[in-house]
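Working notes for the structure below.
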Amino acid sequence: MIKENLFFEWVDKNNKKLKLKWKILILLLSLLLFIFSFYSLFQPINYGSTRIFTKNLKELFTFSNYSKKYPSWTLWQLSWYYMFLTIRYCALGTTLGFIFAFFTSFVSSNFQKYKFIRYIINIIIIFFKAFPISLFVYFFSIGFDKELAATLILFWFSWLWMHKYFLDFLNNLDKTNYKIMHMKTNENFASFRKTLFPYIVNKYFMFFVYSLESNIRWTTIINAAGVIGIGLLLNDARDFSLGWSVVGIPLLVILVTIIFFEFLTLFLNKVILNIKNINYQNTSFLWIKLNFRRIFKWFFVLFFVGLNIYSIIKISSFTLYPNYIKNFWNHFFSFQNEVFSHNKENNPFYWILILIYQCIVSITIIAIISLVFSILGNEKLNNVTQWIPLRFLNTLFRIIPTIIFIYLFSIFWIGTNIFLLVAVITALRKSTSLVKQLNESINSINWEIYKTLEIQGKSKFQRIIKFVFPSIKKDYLSFLLFYFENQVQTLILLGSVGGSLLGSKISIVGQAGERTENILELMTYSWISWVFIAIIQLLQFYFNLIVQNKKISQLYLIKNLNTYFTKIKVIFKNKFSSDQ
């Protein structure tokens, strides 16, 4: 029997479904909100810039090997020099972040018996993760020498973001064997290492490779903020005296490098880590294949150990600037009300409002594009001629640095803001990453049920609506929540190129210098960002509970708080009784 209330209907109370009329209403409201946000950000296009745009695009493909900015270098030499420099500090920063994230996620996961420690570590990480990335880009840039600063920025970013991935992964593991061994040994890490780690090491292996590839692409954004790396050569596109001809070779070097890592990831995932369909009768082949995997993984680990040692040796200077570091932390909790006014340009509520508009436009584009492309580009849902072109376009758009699209198209909005342009471009770029993740989710569904529906005569559209989408719905919503927070950070970070009003405020003050008044103003803007991002994290946490069909009251922390308050009441009651 179907039960219902005003909003939901259900047969099983743990599996409630929103009524169709409310779904339609939510979709209509979302559409209206998107249109209103888009209109609020819209700036007229300067079609007179079409000639300049065409000229820049043509120059991009001339691949000039000389730049008057670097007379002693050819651009091929300089591009590969900066590319190897970027790979070095990305490898070292990602490795350090990976190691830290592994241990902090383990200590703060369900494997940690001391729940107080779990909460303390998670609160610390959530606290720092809510700050805009640009704040710590500034901190490391003023406190450490160039290459060391770049390494620490990558470490910081990798640690905070990988911690969440690892924590979610660990908390969702089947712990049956672990619990049995833990009961015998009473050792957390040893039990984990012997019962679970051998089965999840491949997952961590791929986590590392994905993170390294992602960080190499991400460096072009922090390079726009002045951090050393290959992206500095892309910034020359903003210099009209140099032109776009000097950008072609650095861009090509970046694309070649990222394509190499794409193929490496594919090779590791499909060949090295995939051991299905081994013919056990052919013992010689079996030995070669199993040992090849083991040898390759050890070679990979040793190679990166060697690369990290080499990266440390090649860091040109380990110079620290203690006065700047001390000054930064001394004013970390500062907040200046006097920097604000009722003028829109200096009103923090207006900055946040613009950021909200950008996020609404972005997340709507991400939601639609990623879902459509993941379904149309899935190899199991479509034939080869359909999914290969879409997969190619998705990969091509994903490997081209975001900053190139912003520099190229911003010519149409000279003299006005580019908030809408940046929101759309970054949303399209993030859609390509989400397509990849959703494609993996689609490949993991129960395809026997899909085939049964096909035999029953259901159309392809019906099979997708009735089975495929419901099967990936939880993953889809969880991904969108994650990308919402990630998009806020990206928009603030791209303030260095005018990507957001709040980000521009942080960038301008950050580039002004290391004076105390600049740090005070920077911290004020950063705390505004912190409050906004922290609210998003709380909403993300709450909506994740809804997606997972959990109740707030089921959480351990809430239950224990209730227990503690009850105990305190009993203590006071007993004390009051004894006093009488």
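Placement of Cβ uses the backbone N, Cα and C atoms for every residue, glycine included.
What Swiss-Prot lists as domain 'ABC transmembrane type-1 1' is 83-265.
The feature domain 'ABC transmembrane type-1 2' is assigned by Swiss-Prot to 352-540, with sequence analysis given as support.
Cβ atoms under 8 Å from those of the transmembrane segment (22-42) belong to residues 7, 354, 356-358, 360-361, 364, 419-420, 423 of the same chain, restricted to positions at least 6 beyond its ends. Taken from Swiss-Prot, the feature transmembrane segment covers 22-42 (among others), and the record attributes it to sequence analysis.
Residues or ranges marked as transmembrane segment by Swiss-Prot: 83-103 (among others). When Cβ-Cβ distances below 8 Å are used as the criterion, the transmembrane segment (83-103) is approached by residues 147, 150-159, 162-163, 165-166, 204, 207-208, 211-212, 215-216, 219, 228-231, 253-254, 257, 304, 307-308, 310-312, 314 of the same chain, each at least six residues removed from its ends.
Marked as transmembrane segment by Swiss-Prot on the basis of sequence analysis: 120-140 (among others).
Annotation comment: Swiss-Prot describes 150-170 (among others) as transmembrane segment.
The transmembrane segment annotation in Swiss-Prot covers 214-234 (among others) and is backed by sequence analysis. Under 8 Å from some Cβ of the transmembrane segment (214-234) lie the Cβ atoms of residues 75, 78-79, 82-83, 85-87, 89-90, 93-94, 133-134, 137, 141, 146-147, 149-150, 153-154, 157-158, 246-247, 250-251, 253-254, 257-258, 261, 399, 401-404, 407, 490, 493-494, 496-497, 507, 510-511, all in the same chain and six or more residues away from its ends.
Annotated transmembrane segment per Swiss-Prot: 247-267 (among others), in sequence order, evidence recorded as sequence analysis.
For 295-315 (among others), the entry in Swiss-Prot reads transmembrane segment, with the evidence type sequence analysis.
Taken from Swiss-Prot, the feature transmembrane segment applies to 349-369 (among others).
Residues 38, 41-47, 49-50, 52-53, 56-57, 60, 220-221, 223-224, 231, 234-235, 237-238, 247, 251, 354, 357-359, 361-362, 429, 491, 494, 497-501 of the same chain sit 6 or more residues outside the transmembrane segment (403-423) yet have a Cβ under 8 Å from a Cβ within it. Look at Swiss-Prot and you will find 403-423 (among others) tagged as transmembrane segment, backed by sequence analysis.
Per Swiss-Prot, transmembrane segment is recorded for 464-484 (among others), and the stated evidence type is sequence analysis. Within the same chain, residues 359, 363, 366-367, 370-371, 375, 381, 430, 434, 437-438, 441-442, 445-446, 449-450, 453, 458, 536, 540, 543-544, 547-548 sit at least 6 positions outside the transmembrane segment (464-484) and bring their C-beta atoms closer than 8 Å to a C-beta of that stretch.
Taken from Swiss-Prot, the feature transmembrane segment covers 490-510 (among others).
Residues annotated as transmembrane segment in Swiss-Prot: 527-547 (among others).
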Cβ contacts under 8 Å made by the transmembrane segment (247-267) with residues that lie 6+ beyond its boundaries: 59-65, 75-76, 78-80, 82-83, 87, 206, 209-210, 212-213, 216-217, 220, 230, 233-234, 236-237, 395, 399-401, 404
